[in-house]
């Protein structure tokens, strides 16, 4: 039997509640936190308790009843409060309880331990796990048509901390919240070495991309490890504090006065921007320490054990307040996405360790726009000098404005590069702009100097000859063109039919880059003439797709042949390898009549050094690129995903297989030597790596099989590209 103090209409459907004049709005103590979490009073409800009818937007109102489950019989099922919560439609249905509690102002630990029961009208309530077993079901899929008769009952457990929760009660949500707390102290690679979960699984769980819930056995194993970890951490803190404060007459310098500590705690509780609500037992212990620890000396009458306990507790409270004050200065919606640190793009020759801590500002997009206006530079120039990509990709990044805290590794690498560039002095940035303009006006000079320049400027614009796509206008009149969202599927089907890459299709169809086409197919925005840029680009693609199939195949073939010839001309014009190019030309087997140049005396037999020159041109990692890769390993780990490898390859102007071999070698040294391979101020050539120095698939553990498979696929793609390019180069020579 449910015991409630409100009107019986609360037990019925929200329709009955909306018609009752006795039902009041939510408690005033929760109003500030609700508005802070994006639930304004006007959208949440009316004075008589009725819910707004319009749900055509991004939110769905859900009536929540929060119940506290205590151990005593008297308050065995005590209701805390009941009110409406606006929930985004794209939230996973399995995360409905956690999202609702966070919107109501509860802590992450409380949300992780809560259980949800859903009630539809007068039907019997069911646990959320019984409603659907689809891991990717969203709130809109389940509640879009019945939200007005749904009541979500949330039962809170009595455990105040995650480490107090029994291992048998750990579930997917509990593991996710525990990981978020741990990732505030360490990065993913370090955590993966200590906990039972792999790094890829940790990243997927925290980013909510791991749709299949973790098994109950794995959750219980993680819960047991978490309790041991917390216990060991507390003991270590006690030992450190005991060694520091063993002299009773000496007051710790970093430990504040308890009066100041209490005032800081009150200030932190009243902070409107703080998203962390500490549990009640920790807050109540602040005034309890005042009679024990005075502003002067510690009382010598206390037992050593009690002194250690009080010092450890004060240290923990100090850490809690420091974390809360840090989070109070961040964006209000930065709830739990501060766990990923990604590499900066240093400009110095030697990598600076301090650059690895550069964080991406939430207003990075506005900073970029302000910089474009201040320096009067185009997006193409800024994209080239800031993160060495194309104007199309920068335009897509500025248009999407994804939150850096929830972005992918690839986007974060680009944002880090832009942030690092904007942190340079204004005079230095202007000088870089001027150098880029000069290189653009003198492409031949930039092509010769590209061999000795840094990776940030090595991908300079080259002299572009006429391509087969010059007759295709970039902008077309789309007034009479019928374009729908189905064009995205047509693009993918065309690439599969013709067996062409995204880069090739983007070049011939819209004169764009592969990154731009990748973003286009990722977002699949609804085509509309109001979005002029998107509409014109899609019109160009539509015009290309309307060509006969044989004409499109001819264009693909011509562009592919032109690409290989342009690449060969670039290799011939590079000065560091004239002997190598001559050797390759003279060593080609002839199928027809011998040309006159073969009458020259044969070249000397190739040595090991001359044979190794060719791979070194594309396998040598400079000092600056080495600093970027080492920073990536330090902040992200040894297992970058495919998108991050693609971004690093484009940013450092290195082939993907070179970057993959570098990471494989580093993993080999970590596995067999317990540390990363040190490079003492010298460049690295992955061609010098021996086969036994690359971590093979048999030596990878289960958590790393996915990454190794991806590396093999990338290497095979690179080898396939080289084998395809060889016949074309032979014909050209």
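The backbone N, Cα and C atoms fix where each Cβ goes, glycine too.
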*Scan 357-395, 396-434, 435-473, 474-512 against Swiss-Prot and say which stretch is down as region 'Disordered'.*
435-473
_Annotated range (Swiss-Prot: region 'Disordered') out of 542-579, 580-617_ = 580-617
*Where residue 233 (SUMO cross-link) and residue 161 (SUMO2 cross-link) are concerned, what is their Cα separation in Å, rounded?*
15
*CB neighbours of residue 161 (SUMO2 cross-link) within 10 A?*
13
*Please list, for the DNA-binding region (350-437), how many residues fall into helix, strand and coil according to DSSP.*
62 helix, 0 strand, 26 coil
